[in-house]
Amino acid sequence: MTLGDNGNAVIFKMEEKSKRLPDFLQSVNLKYVKLGYHYLITHFFTLFLIPIFILLFAEAMQINPKDVYELWHHYLIRHNLVCVVISGVCVIMGLTTYIMSWPRSVYLVDYACYRPPSRFQVSTHQYLERCRGYGDLDDSLMEFQHKIVKQSGLGDETSFPETFHNPPSKPTNTMALAREETEQVMFGALDILFSTTSVKPKDVGILVVNSSLFNPTPSLSAMIVNKYKLRGNIKSFNLGGMGCSAGVISVDIAKDLLQVHRNTYAIVVSTENITHGSYYGRNKSMMLPNCLFRVGGAAMLLSNKSKDKRLAKYKLAHVVRTHHGSDDKAFKCVYQDQDEAGKIGVSLSKDVMATAGSALKINVTTLGPLVLPISEQLLFLTTLVIKKLFNLKVKPYIPDFKLAFEHFCIHAGGRGVIDEMEKNLDLLPIHVEASRSTLHRFGNTSSSSIWYELAYIEAKGRMNKNDRVWQIALGSGFKCNSAVWVALKNVKPSTNKCCPWGDCIDKYPVQTSGKQA
C-alpha cells in the first residue's frame, strides 16, 4: 500500500481547502507535446509504408506474364544476373527483417479481481470502534479519523484482512499474518483467472507482481511460482516501493517482454498488503492509509499469440509513463519513514497535490497526440504555438478527451482527486462513476483499483466493441502512468464468481447528498 497517490486529497481538502489539484491543462510544456508527436510519427512511418507496398503489389499483379518472360530472358540473363539475384535477396531479407521488427500486438485475454468474503467487511462505525480499542488515540485523533472516513467516499462494505477482526490483544502485523493475507488475495484472483481462461499454469512464460510495501523473502512472485508450480524457465519479476501506479508499470514490463518472447502468456498480479502496511502511531499524516486503504488485488492474463485475438477482451494500444522523481519535492512528497515513537508509516508533504498536478500535466500532454482526433490536435497546437511564439495572452484550448475515450478508469485513491480529475478533464458524472463506485464499495485497493473500475464498466454492460479505455494512476516517486486499451468485442457482464460486482452492481451508483459517492 502506498499513500503515494490520491487518498491524501481528503486531508488537504478538509484542512487546507485552497490546496487543490492544479489546473494542469492550463499550463503546457511544449517538450512533452513534442514527445507525444515523436511516438505518433514513429508509428505513422510504418502506416505510411503499407499503402506504398500495396500499390506496388497491385501494379505487379497487372503485369502480363509474357512481359515478365521478356524481362527475364532479354535483360536479366543477358546482363549481370548475379547482381540482380543478390539485390533481390537483399531486398527480400530487408523486408523480412522490417516486418519481423514490427511491434507484436498484446492482448488482455481476461482478468480477475479478488472479492473478499463478506465476513471481512467493516463499516465506518466498526472501523472507528476498533481504532478506539487500541487505547492510544485521544479524542482529537479519533475526531480526525472520523472526519477522514466520513468524507473519504468509502462505504460500509469495504474489507479489512482477517487480522483486523481479531481481538486487539492478539498480534496484528506479524510476518506470518501478512503472508496469509497476500496469499488469500493473490491466489484468490489467480484461481479465478486460471479457471475462467482454461490456461494452464505451465503455459505461462512471464510473471510480473507488484506490491509496494510488503516484499518478503522469498518474493511474492516466488510464492506464486511455488503455489502453481510454474515452469523453471519462467521470466519472473517482483516490483516493490512503486506506489499505486505500479499496476500500469507491471503491464508495461509484460508488454516489453512479450515483444521479445514469441507465443507466450504473461501473468500480471497487482496487490497491496494492509496487515503489513497499517500504521499504529499518532501522526495524522500517517493515519491516512488506515482510513482509506482496503483489501484488494487483481490478476491479468496477457498474450501475444495471434490466435488469442478472437478470445481476448482487449488490445493494449498505448502505455505512457511519467516519472517526476528527479525533483526533490516530488521524491519526498510521499515518504515512508518512522514517527517520533519509531513506528513506521507513510508521510505526506504539503506539496503532494502540486506534484500530482505536475505529473498529470506531463502525462496527459504526452498522451494527447497519440489518442486525440486530428481536429482536437490542430486546435490545441494552434493556440499553443500562438502563445509560445508570439507571447500573446491566448487562453489555451483544452482538448476534449471524451472524443478519445469512451471509458475512464481513474485510480480510486480518494474522493478529492476524483473530483479534481473530473473538473480538469471536463468529464461527465458517468465517466467517473466507476471510480467513485469502486472507492465506495472496495475502498482504495492501491494498484488494483483500476481493474475493479474496469470490471464495474463491464458489469454495467457498457463495454462495446472498439470502445477505448483510459486507465490512469498516480503513485509515490512521484509517478503518473496511463494505459490505453481497445475493446475487441462487446464484453458481456461476468458471472458472480468472476465479477467482484456480481452481488451488488444494481446498488450503484450510490447517491449521497445529491452527488455520487
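Positions of Cβ are set from backbone N, Cα and C atoms, glycine also.
Database features (TrEMBL):
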| type | residues | note |
| --- | --- | --- |
| ACT_SITE | Cys244 | active site |
| ACT_SITE | His323 | active site |
| ACT_SITE | His407 | active site |
| ACT_SITE | His411 | active site |
| ACT_SITE | His440 | active site |
| ACT_SITE | Asn444 | active site |
| DOMAIN | 99-389 | domain 'FAE' |
| DOMAIN | 406-485 | domain 'Beta-ketoacyl-[acyl-carrier-protein] synthase III C-terminal' |
| TRANSMEM | 37-58 | transmembrane segment |
| TRANSMEM | 79-100 | transmembrane segment |
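Take the active-site residues His411, His440: by the count of other Cβ atoms within 10 Å of each Cβ, the lowest one is His440. Note on the active-site residues His323, His407: the fewest other CB atoms within 10 A surround the CB of His323.
Around Asn444 (active site), taking its Cβ as the centre, 31 other Cβ atoms fall within 10 Å, counting all chains. Checking each of the active-site residues His407, His411, His440, Asn444 against His323 (active site) by C-alpha distance, the shortest gap belongs to His411.
The Cβ neighbour count for Cys244 (active site), using a 10 Å radius over every protein chain in view, is 35.
As a whole-number mean, the pLDDT of the domain 'FAE' (99-389) in this prediction is 90. On a Cα basis, Cys244 (active site) lies 20 Å away from His407 (active site). You'll find the Cα of Asn444 (active site) roughly 9 Å from the Cα of Cys244 (active site). Counting in whole angstrom, Cys244 (active site) lies 17 from His440 (active site) by their C-alpha atoms.
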